[in-house]
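These notes are about the structure you will find just below.
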Amino acid sequence: MNAYHIIPCYAETRKRRAHQGTKFAEMPLRRLLPRAGPTNVAPSRQPYDLFWVPEVSRHSQLRFVLPQAVSVLTPPKTRASEMDFGRWGFLLLVSSYIQVMFILFPGSCQPSNAQEIHAEGYCSMYGICGQRSDGKFLNCPNSTSSVKPDELLSSKIQSLCPTMTGNVCCSADQFDVLRGQVQQAIPLLVGCPACLRNFLNLFCVLACSPNQSLFINVTSVRKINDSMTVDGIDYFVTHYFGEQLFNSCKDVKFGTMNTRAMDFVGAGAQNYTDWFAFLGRQANSNQPGSPYSITFRSNISDSSGMKPMNATAYSCGDTSLGCSCGDCPASAVCTDSSRPAPHVERSCSVKFASLKVKCLDFSLAIVYLILVSAFLLWGFLYKRKKNVPSRTKSLLKVKGESSADIPEASEVVPSVVKAHRPSVTQLYMSSFFRKYGVFVTKNPTLVLGLSLVVPLLLCIGLIRFKVETHPEKLWVGPGSKAAEEKLYFDSHLAPFYRIEQFVLASISTSSSERPPNIVTEKNLKLLFEIQKKVDDLRVNYSGSMISLSDICMKPLGKDCATQSVLQYFQMDPQNYDAYGGLSHVEYCFQHFSSAENCLSTFTAPLDPSTALGGFSGNNYSEASAFVVTYPVNNVVDETSTEYRNAVAWEKAFVHLMQDEIVPLVQSQNLTLSFSSESSIQEELKRESTADAITILVSYLVMFGYISMTLGERHHLSSILVSSKVLLGLSGVVLVMLSVLGSVGFYSAIGVKSTLIIMEVIPFLVLAVGVDNMCILVHAVKRQPLELVLEERISNALMEVGPSITLASLSEVLAFAVGSFIPMPACRVFSMFAALAVLFDFILQVTAFVALIILDVLRTEDGRIDCLPCIKLRSSNLSSEGNVKQDLGMLARYMKDIHAPLLGHRGVKIIVIVMFVGFAFTSIALCTRIQPGLEQQIVLPRDSYLQSYFDDLATYLRVGPPLYFVLKNFNYSSNSGDTNQICSINQCNSNSLLNEIAKASLTPASSYIAKPAASWLDDFLIWLSPDAFSCCRKFVNGSYCPPDDQPPCCQPDDGSCTIGTTCKDCTTCFSYSNLHDGRPSTEQFKEKLPWFLNALPSSDCAKGGKGAYTTSVDLSGYGRGIVSASSFRTYHTPLNKQSDYVNSMKAALDFSSKMSRSLKIEIFPYSVFYIFFEQYLDIWKTALINISIALGAVFVVCLILTSSIWISTIILSVLVMIVIDMLGVMGILGIQLNAISVVNLVMSIGIAVEFCVHITHAFMSSTGDRGTRTKVALSTMGASVFSGITLTKLVGVIVLRFAKSEVFVVYYFQMYLALVLIGFLHGLVFLPVVLSICGPPSSASADVQQHQQTTAQTS
């Protein structure tokens, strides 16, 4: 019967290596891959891939399961008899064992005493003498001469061992077993013919060489049932052959598991001696491996008459054998045979002794020093030039005349001479606001009523108000290429499955100590208790009771593919003591792939690295966390019953964890974090209402501040009349009305709101609106009371109306520019904000002006503020006449301290040097800003997902799956596409899969961890006549399964053959049927469905069912085109947001290069790409939008001021503010994303308010630059500080108490920085710049016209 098993068991080598103390590279068995998530996350969820790996069947056959995402695995519909031969899965071909068979006789092992002959033509073993108790056959120690085989046996030997002719040392039965076992190794190695030929030669010579006795020495025999059988041999092999064999096979890929074949056929051997040691170890009873020991030796004594085996060894670089570049990088056909150089980060730097400075920082420092030196030199020369004539006229100088300021010396000529006439725009605006002020004063009620009609009507649209919480619809643009590719992948191939997961971790006693081991008897029993609660969880949905068993992935039919250490006990607590308790778990950590009692309920090994966390290397006993994962079926259609059932159960799962499991775990001094597939979406929904109280409190605080700021506080006796509580409340109501009108308008046209709109826009519009309210009220209060009310209102509007209009239009345009951001959440936010600010501006200049008039009339009539129906009999209203003269403490500070201080030359120099210096520093800090958006930030700070994402980063260290998707693969024989893609022999050296394998050698730059799993490679190998047990057919042309997959039934047969080999089956093709090893178009078309439906087994591991079921879209493939197919590999571990961005960019660059090179459409796909696509060009997007916003503001300023000079100054200050904002982002570690880009764009509009009022007052006043600067600060400085800075500060500070971190980081921190930077630039830097190089005054004509208007109205 059997003669040889060629492939030793991988699992047994694990034990042997452990016994020898050799460091062993564990094979990844079942791997859980994290999604990407926004962090790290999910963005919304991070995907996981489950792998299937070696499994030892109960029939002592070595069975393996190949990796495939469980979400795409479907249990095969096999007949019961099919399941008898072993569990469903993939055969992992490693090596099989050498079994030399003799007749069975019980006995004991003893040295060989037989007279051995070591000469040419003699055998050392011949014939089958018995078998061991576990069924492994043994050979006879038989020193007989070689025999001439009959013609049939000779032809069989020639087909497998073409170099062997003449006599042989093996019987027909021995060779049949050899052939049957070798067929398991062929699919692994056939991609590189040189490796396969060398591997076959090693065992062909061992089994059948006519000169066997020259290199085989039987060292021990065993007596079994009165017959002697071989128990150990020495196999002498030359060092050269061993080296050549190993070198030809060490790089051969095993694509289905995204790794190298040597990990399986050689247990990851690093040299040929390790490989030979692995192949020759004698297996224990009922364990896979060789039935007797084989000691491979290379040295031999001359006196023995023996000599090492030195069969022909082929190099994988031999072009005649056609190994691919992926399997043999040293092949001559490879364009670049050398291993790619490791990626090294390089940056330009300059060294000063031990100090290392970046080139950019050094260049900026040099430029800054040059500019500062030039400025100081200019100031010195300018002052010296002006001082020369002053000495000749020193006696003419008037005491007190200013000569301190550098630029002011040029203002000796009266300003009236240099003043220019106002532009048509300025005259028109002045005329408009004067006439409008008269009209609104006469008709305040009419204006108030008409201005409220439109916002109130728009509020009707709120009945269609909806909030968007779907992560993809919030953060992914509709035109996103990644979104289109995801849709293509999901619809043509398969979506990722859903993940329900929890992490149970121990707690360290101190930060410096490692957490204690989680794998204890107490914790395991706690885990059983938790698992029982999860299994018992039921939820009623649509009248059906849904449990985990109803929705989970069941790759083998009935058991969920739960990833938990409890699988080592078959998920049954009754097995805990029966299996050995804690010691059994520790045993399974080391033997999870070999021990049958460690298999999971779904009959696949469980890799402890997927169920444990917090350990280093393979020290699983140091683990500090249990990671339990429940894969759940996923579907694209969100309206399907299957999808809704899953969501309903997930909600119940979260409630169970929160209400029962967390308290239970905390009582045991452990921590628990958990998540479901729908958790992020549900948390976003909760976040939309989480800060309602914060919003309410903020409005109350703002209302109180406005009332205090607008009111008079001079006399306690008149406070009931002079207070502005009702006016402040009315202003807040107008702000709310503008926000509601904007939301109502967009809701009416079907645009959904977001949580950002609900929480940020009210603060934003309130801060902007309060500015205008304060400025308008302060302007009215500055007017002399002796003027009639119409004149006071008209003069106030003429004074601040243009600047308010300029600031508001700039804000609207800046916000509108944000609508060009591709991220939906930010685009919609910008749209809502722009319209709300526009409505607010209109209401301020209409309704609020009317309210000011009504409030003035109330005050003059002596009526109580909040109760205007009540009139005081006596009041000290006469004192109000002094309001104009009483500037207040802040105004006095601006006039007497702040303005004179900025007028000193030394202060000006310090201001210019410091502000410009910080701008240059901010440019350097910009390079520290990283793209991305941490997923924890967008969630509430009290969300249970916060700890979950932290645990993912702590315990999971594997990369997400990466698919290279091909569109419209032309498999016709004349297209050449096949060889441009595959990576086996005869494939192009620069083929797609060869290039992927090459890229995996430099993971630091490519972010590709492994070679790709290729359905095309496996299909071509499956078709190959060399893999004679794979593609087979009956005589009638129908598919014939491998021999180990009974029953063998031909179509239309009335009976099936069960338990025997399939008869009348031949290989699908002979060598002559294929063209250079490739099928024709018709052959490809006919056999591809066979391959995809072929169940892998021991005889043929290359069956595509399960492994590639969803890797190929067969719709319409009959036309010679495969519309979609994918090749799976993995990214390297991605720990930072920049890693996700860089990995995506690297994959896109690689695909783009391959598409151009191969003229085939290829795109990469990973589940996190859809969320990170925006970051690929985020800097470009930011700079473009900032430039557009700056340009829009410049145009508005130019139109309204008609002065390029002042518009350029405003633009320069705004540019510095934006640069400083970027510098603050670098300091605070705020990432660059769509939210921060929108903030930067909006900061331009908001910053205009800090500049435009000062510049307008500067241009409207008379005198030299210094005088006009002091006048501008005296008149508008207090309003800018109290009405703009403090109001925005109050509105921003409230955001600090928001429950969502996104508002704290991107709105509180960034807006607080904007307020402070804007305040400093508007009230410190800008006045200094205006005093040095401000434009001439344009006030003379205005003053004249105003005086004429005043006279006429009088």
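Backbone N, Cα and C define each Cβ position, glycine as well.
Positions annotated as domain 'SSD' by TrEMBL: 691-854.
Marked as transmembrane segment by TrEMBL: 359-381 (among others).
Look at TrEMBL and you will find 446-465 (among others) tagged as transmembrane segment. Same-chain neighbours of the transmembrane segment (446-465): 439-440, 737-738, 740-750, 753, 839, 842-843, 846-847, 849-851, 854, counting only residues six or more beyond its ends whose CB sits under 8 Å from a CB of the stretch.
Annotation comment: TrEMBL describes 688-706 (among others) as transmembrane segment.
Positions annotated as transmembrane segment by TrEMBL: 726-748 (among others).
Residues of the same chain lying 6 or more positions beyond the ends of the transmembrane segment (760-780) and with a Cβ under 8 Å from any Cβ of it are 695, 698-699, 702, 705-706, 709-710, 724, 727-728, 731-732, 734-736, 738-739, 742, 792-793, 796-797, 799-800, 803-804, 807-808, 811, 829, 832-833, 836-837, 840-841, 843-845, 848-849, 852, 856, 1242, 1246, 1249, 1253, 1278-1279, 1282-1284, 1287-1288, 1290-1292, 1294-1295, 1303, 1307. For 760-780 (among others), the entry in TrEMBL reads transmembrane segment.
Annotation source TrEMBL lists transmembrane segment at 828-854 (among others).
TrEMBL lists 909-927 (among others) with the feature transmembrane segment.
Per TrEMBL, the feature transmembrane segment maps to 1182-1201 (among others).
Summarising the annotation, TrEMBL assigns transmembrane segment to 1208-1230 (among others).
Residues 764, 768, 771, 775, 800, 802-803, 806-807, 810-815, 817-818, 821, 826, 829-830, 833, 837, 1178, 1181-1182, 1185-1186, 1189-1190, 1193, 1197, 1201, 1203, 1206, 1209-1210, 1213-1214, 1217-1218, 1221-1222, 1225, 1230, 1268-1269, 1271-1273, 1275-1277, 1279-1280, 1284-1285, 1288, 1306-1307, 1310-1311, 1314, 1317-1319, 1321-1323, 1326-1327, 1330, 1334-1335, 1337-1339 of the same chain lie 6 or more positions beyond the ends of the transmembrane segment (1236-1259) yet place their CB under 8 Å from a CB of it. Positions annotated as transmembrane segment by TrEMBL: 1236-1259 (among others).
Panel annotation: around the transmembrane segment (1271-1298), residues 691, 694, 697-698, 701-702, 705-706, 709, 759-760, 763-764, 766-767, 770-771, 773-775, 778-779, 782, 887-888, 890-891, 893-895, 898-899, 902, 1246, 1249-1250, 1253-1258, 1261, 1263, 1304, 1307-1308, 1311-1312, 1315, 1318-1319, 1322-1323, 1327, 1330 of the same chain, lying at least six beyond its termini, place a Cβ under 8 Å from a Cβ of the stretch. Per TrEMBL, the feature transmembrane segment maps to 1271-1298 (among others).
Sequence-distant contacts of the transmembrane segment (1310-1330), counting only residues of its own chain at least 6 positions beyond either end whose CB sits under 8 Å from a CB of the stretch, comprise 898-899, 902, 907-908, 911-912, 915, 1209, 1212-1213, 1216-1217, 1220-1221, 1224-1225, 1228, 1230, 1236, 1239, 1243, 1246-1247, 1249-1251, 1254-1255, 1258, 1265, 1268-1269, 1272-1273, 1277, 1280-1281, 1284-1285, 1288-1289, 1292-1293, 1295. Taken from TrEMBL, the feature transmembrane segment covers 1310-1330 (among others).
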If one takes Cβ-Cβ under 8 Å and requires six or more residues beyond its ends, the residues near the transmembrane segment (828-854) are 437, 440-441, 444-445, 447-448, 450-452, 455, 468, 727, 730-731, 734-735, 737-739, 741-743, 745-746, 751-754, 756-757, 760-761, 764-765, 768-769, 772-773, 776-777, 780, 789, 793, 797, 801, 804-805, 808-809, 811-813, 815-819, 821, 1238, 1241-1242, 1245
Feature contact check the transmembrane segment (909-927) with the transmembrane segment (1208-1230), CB under 8 Å, 3 or more pairs: yes
Same-chain residues at least 6 beyond the ends of the transmembrane segment (726-748) with CB under 8 Å of its CB atoms are 452, 454-456, 458-466, 699, 702-703, 706-707, 709-711, 757, 761-762, 765-766, 769-770, 773, 777, 828, 831-833, 835-837, 839-840, 843-844, 847-848, 851-852, 855, 865-866, 868
Outside the transmembrane segment (909-927), at least 6 residues beyond either end, the same-chain residues with a Cβ under 8 Å of its Cβ set are 358, 360-361, 364-365, 367-368, 371-372, 375-376, 379, 902, 1216, 1219-1227, 1320-1321, 1324-1325, 1328-1329
For the domain 'SSD' (691-854), the averaged pLDDT of the predicted model is 81
